[in-house]
Amino acid sequence: MAEAVQPSGESQGAELTIQIQQPAERALRTPAKRGTQSVLRVSQLLLRAIAGHQHLTLDALKKELGNAGYEVRREISSHHEGKSTRLEKGTLLRVSGSDAAGYFRVWKISKPREKAGQSRLTLGSHSSGKTVLKSPRPLRPRSRRKAAKKAREVWRRKARALKARSRRVRTRSTSGARSRTRSRASSRATSRATSRARSRARSRAQSSARSSARSSAKSSAKSSTRSSAKSWARSKARSRARSRAKDLVRSKAREQAQAREQARARAREQAHARARTQDWVRAKAQEFVSAKEQQYVRAKEQERAKAREQVRIGARDEARIKAKDYNRVRPTKEDTSPRPAEEKSSNSKLREEKGQEPERPVKQTIQKPALDNAPSIQGKACTKSFTKSGQPGDTESP
């Protein structure tokens, strides 16, 4: 079978798919060489048509095959299905497409044979219709033709007789050979059957003995394996139960240890938190006390500084007054000139001021909260030193 496909070919607006196939009956009846040559020729023509035409159509394909001396006819019967039994000539083409689908038979147009006693010129003259002179060669008489026919018939009869004799000889030789081969085959078959029966009996006996031994061995092995399997299963179950119990005990102990560790960690965290809070409270209290002490010390220092300044101012004033009084009481010899009135007024003012006593610093006491004993003692010492230094008799030199 040969195929030739033209994907772009169109026959009345449809694509062509061409397939060449040869019926099986003709392939069996006719010689193979002749059929293959015809199929090859048709396939070559199809390939040439496909290569020569860009868009191959069914009409163009018919023209190409007609020019090559082939005739194309649509196949209507169901030969491709294998139902027809008559002998058909030519090759079968299967064309698939929308409008050109179907089977087509292609065969070579046979040339007219030349009759005996006629030349090609006479045939050409008859076909063309022109009157041409006959050949000078005379025709054979009818008697010769009859003699030739009889000779052919005799020859055919002799050939048939020879064929029949050869067939009879062949059948006799084949029948003798067949009888001999049959006897030999029967003897061989009987010997083979007896040997097979003996071998089968022996094999059956051996197989029965082996099966009995195997069954006994299997039964004993099964019983032993069952008992061993049961004991093994029991030991396995016991070991598994023990391992499970041990695992449970270990897991419980681990859980208890973890719980204890967690409780200890919580207690430690709580103790650390309490210690931190206590330290924070103590630090806050110490900061408060230190701040109070600093405020108290600063206030004391400020009071002392103020008292010292007042004492210095008073001592200076007293020294000035004394100096003035001393200068007034003891005048110098050189200074015998009368003093002006302004000096007299100033001296009178000084006397009046002298008559008035200077203000003494008042001892101030500040109540301090009883926080610690050390700062209170220091405060008392400071007050004592202040009172001693603040006496009117303690004067600094100007």
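Glycine too: its Cβ is placed from the backbone N, Cα and C atoms.
Here is what Swiss-Prot says about this protein:
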| type | residues | note |
| --- | --- | --- |
| COILED | 241-312 | coiled coil |
| COMPBIAS | 119-130 | compositional bias 'Polar residues' |
| COMPBIAS | 137-149 | compositional bias 'Basic residues' |
| COMPBIAS | 157-171 | compositional bias 'Basic residues' |
| COMPBIAS | 204-232 | compositional bias 'Low complexity' |
| COMPBIAS | 233-243 | compositional bias 'Basic residues' |
| COMPBIAS | 244-285 | compositional bias 'Basic and acidic residues' |
| COMPBIAS | 298-362 | compositional bias 'Basic and acidic residues' |
| COMPBIAS | 384-398 | compositional bias 'Polar residues' |
| MOD_RES | Ser38 | phosphoserine |
| REGION | 115-398 | region 'Disordered' |
Could you tell me how many residues in the compositional bias 'Basic residues' (233-243) are helical, how many are strand and how many are coil under DSSP?
11 helix, 0 strand, 0 coil
Within the compositional bias 'Basic and acidic residues' (244-285), count helix residues (DSSP H, G, I), strand residues (E, B) and coil residues, in that order.
42 helix, 0 strand, 0 coil
What mean pLDDT does the predicted model reach across the coiled coil (241-312)?
93
Who are the chain neighbours of the compositional bias 'Low complexity' (204-232) in space, where the CB to CB distance is under 8 Å and they lie at least 6 residues beyond its ends?
none
